[in-house]
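Right, one structure below, let's go through it.
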Amino acid sequence: MTEPDLPTVLVVDDEIRSQDAIRRTLDEDFHILCASDAVQARRQMEAQPVHVIVCDQRMPGLSGVAFLKEVRERWPDTVRIVISGYTDSEDIIAGINEAGIYQYILKPWVPDHLLVTVRNAVEARTLQHELHRLDLDLRAGAPVLRQRSQQTLARTRARFDFDRIERAPGSPLDAVCALAARIARYDLSALVLGESGTGKELLARALHYASPRAERPFVVENCAALTDGLLESELFGHKRGSFTGAYEDHVGLFQRAHGGTVFLDEIGETTPAFQVKLLRVLQEGEVRPVGAQRPLPVDVRIVAATHRALEEEVRAGRFREDLYYRIAGVTLTMPPLRERSGDIAPIARRLLGEVGVELGREGLELGDEALACLMAYPWPGNIRELRNEIARATALCDGGRIEARDLSPKVLHGQTGVAQARQGGLLPGSGTLQERLDAIEAMVLREVMLRHRWNKSRAARELGLSRVGLRAKLLRFGLEERAPRPGAAAAASGPAAGPGRVREDDADGDGDAAEAADPADPGTAAGHPIPGMLSP
Ligand SMILES: Nc1ncnc2c1ncn2[C@@H]1O[C@H](COP(=O)(O)OP(=O)(O)OP(=O)(O)O)[C@@H](O)[C@H]1O
């Protein structure tokens, strides 16, 4: 290796003897420059790149640590080492973070120790550069990576094409997909409205993969699933030690999605306090990880979704108007399946194919009578519920074709809502009107509380009640003391288990587990969900 190829180390010390001693220790492995004070050192650094600076703490003019602070600002790439006498160590420890010092070495220093420290410093710098280069390669697309990622991208794009959102010719979804496809290439935010299970996330993905951001990540966050603090840390990241349990730095989803799209599902469930923070991030284009000193620039497209009529939430003062206008650049509305029953046949066939592969029952057909039942049922849980039904029928089907007898009673007899709840023993079949209405009220309260994991503020907001009002109702129906431990999948029992009995094993509240349950099915529990009461 020729001299100029060696990493450059700048030694800053006003004592010429010390300078020489350091030079002799390092000059076999490094290209050494020397300076007697901060002024000379500055000049050296302005003239050429310096990999490592080894600086004495006691110098005329600026102290070592004070100069290294400046080095950190102006040449952050240079690894900083300080040498100090024992009596100066307190000053150094105080300044170690501000100057970003890699190592401090106490006098009298040992040559081998100094050599190893500087070697390690150079290695750390090289590694850091390597990481940076890889990151840039990934962003810019180094040739090989680019070629491979192009193939993967083409496959992913095809998988999430708007055409893969199954529908019948002339379906109302055509207009929704056409609008989404037209705006995909512009950096507009999009708000997807629609009941649960209508395909909002599927549409958001199609939008992302049809956009120029397709090569960058599409990340999803369900805003209803986390408390404000966790949501903030998930989306914006946090620094190690910023709160109890933050053992490591955590890169937030906004940073991970840099250049891509963030899909904020259930945005309507966020609290006003969180909405303020989100708005600031979107306005300023930068996130500040929890506990971090400085914000980081982020470039993401926001696609948000909610099952709520968000404009009404704004009018009612539950959702910030300024945030609404930020996220609702274009509004796309997914119609419920019951309003597009023509789509049921193609979607059911597609699902039959997918589920067949998953369950090892490929090639099943859908009988005419079974299809007629599927088309007559209103699907309150939309396509997610339809998928569960197809999976159940696939598992129960004896021959090569799904018949009406393979369907669950609710679909076979077209029962939903109150009729089904009564059949499942959830509603009394007799009693005064008030008693029956009470039973429904208790059932709704319990369902909403479960979905919000017993968070009263959120549940009250959804129900348009004050927290106190909600609490009074919970007490009245004996639901107040029964809040289960988070994650507990307890079967309902006790005084509230009558009218309000709802399965609790659907931990994420999206209705999956509930939709799969069926009293006539020997494989499921007796507690029967009420489709009309599932999370909308
Ligand atoms: N048109 C469609 N064709 C095929 N599958 C679909 C269609 N629409 C939705 N699905 C499937 O239905 C399921 C639910 O869709 P998705 O998660 O996109 O709905 P969502 O509206 O975002 O639900 P939620 O609000 O509960 O998050 C997914 O498995 C999705 O792949």
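Glycine is treated like the rest: Cβ placed from N, Cα and C.
Marked as compositional bias 'Low complexity' by TrEMBL: 485-500 (among others).
Here TrEMBL flags 505-515 as compositional bias 'Acidic residues'.
Sequence annotations record features per position, and here TrEMBL assigns compositional bias 'Low complexity' to 516-527 (among others).
The domain 'Response regulatory' annotation in TrEMBL covers 8-122.
According to TrEMBL, the feature domain 'Sigma-54 factor interaction' maps to 173-395.
With a 10 A radius on its CB, Asp56 (4-aspartylphosphate) counts 24 other CB atoms from all the protein chains. Classification of Asp56 (4-aspartylphosphate) by DSSP places it within a strand. As annotated by TrEMBL, 4-aspartylphosphate applies to Asp56.
The region 'Disordered' feature in TrEMBL is assigned to 483-536.
Remark: secondary structure over the domain 'Response regulatory' (8-122) totals 54 helix, 25 strand, 36 coil, with classes taken from DSSP.
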